[in-house]
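Okay, structure first, notes after.
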């Protein structure tokens, strides 16, 4: 005699799922997975470093409705940072509100209202959603900063570095929140440049990564995802190109002026490689290539340049010092 249909279930053997039940199970599983990586909505931002990059990041965050605290070592630095932000906003609003001076004034006032400054990073991280670091490109200095902040920031606070040359993993390892640590590499000038490289290390959680992507979009930027490799995407392509231009000049194959003209008229680049090197700063380019060379000493793309080394040694850093590959008044 055959057992009744319910017999199998009564004996502990599960009955086959119907197509509808299987679909519902998949939906529930998908919902659970989505909940597990639910993004952190960033509202409060702490930017460490009141230089050109840090001030730019603070400006775009404040302009898009975020509550921002800009941190640096002295009140004098922060005073200059705030003035630079205000001047930048005035230039931008002239284009944004061409015939509406009142609207421009309101936009500036609202943005500056979202921005405060502090010389004490520990005191301001206790209520922040995101810390973005934009200080000197020195691993030890960055590690010391994040190690200290890690002790005082809430557990859910995400840490991010704006480094352009150091590995995010090496910085994240100074903290106990490697899963809540990523890279946010902005480009100069921050208010104008749309790209942000969002760097995900092997330890960065999906929740953190998605939160950083959404934050970047909220700033009105275009984020791209990349792994924690030397130079990420842009600099990994750009710096070897710049160094090859220097080697071309060192060999006497062409003048620096002709190389610049060639790349502007032949490749459509807005600046030639030597103009760009002077704009970025020869010391910055040297620091990057030296760091990569130490990681991969046999990679010819990362070979140091004797001419670049000589100019930096002579304190000819580019536009900021009045002379680099070219002279500036």
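For all residues, glycine too, the Cβ spot is worked out from N, Cα and C.
Among the features that TrEMBL reports, domain '3-hydroxyacyl-CoA dehydrogenase NAD binding' is placed at 44-229. Annotation source TrEMBL lists NAD(+) binding site at 49, 50, 51, 52, 53, 54, 72, 137, 142, 164, 188, 320. Under the heading CoA binding site, TrEMBL lists 88, 95, 164. The site 'Important for catalytic activity' feature in TrEMBL is assigned to 185. According to TrEMBL, the feature domain '3-hydroxyacyl-CoA dehydrogenase C-terminal' maps to 231-328.
Here the features listed in TrEMBL are painted onto the structure.
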residue : record                                  : Cβ within 10 Å
49      : NAD(+) binding site                     : 23
51      : NAD(+) binding site                     : 15
53      : NAD(+) binding site                     : 21
72      : NAD(+) binding site                     : 24
88      : CoA binding site                        : 20
95      : CoA binding site                        : 8
142     : NAD(+) binding site                     : 20
164     : CoA binding site                        : 22
185     : site 'Important for catalytic activity' : 24
188     : NAD(+) binding site                     : 13
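Averaged across the domain '3-hydroxyacyl-CoA dehydrogenase NAD binding' (44-229), the predicted model reaches a pLDDT of 97. Cα-Cα distances to residue 164 (CoA binding site) place 185 within 10 Å, out of the recorded positions 49, 72, 142, 185, 188. Taking the C-alpha positions, the distance from residue 88 (CoA binding site) to residue 188 (NAD(+) binding site) comes to 13 Å. Here the Cα atom of residue 95 (CoA binding site) is found 26 Å from that of residue 185 (site 'Important for catalytic activity'). Within the set 88, 95, 164 that the record links to CoA, no two Cα atoms are more than 30 Å apart, and one pair reaches that distance.
Across the domain '3-hydroxyacyl-CoA dehydrogenase C-terminal' (231-328), DSSP classifies residues as 64 helix, 3 strand, 31 coil.
Spacing of residue 185 (site 'Important for catalytic activity') relative to residue 53 (NAD(+) binding site) is 10 Å (Cα to Cα, whole number).
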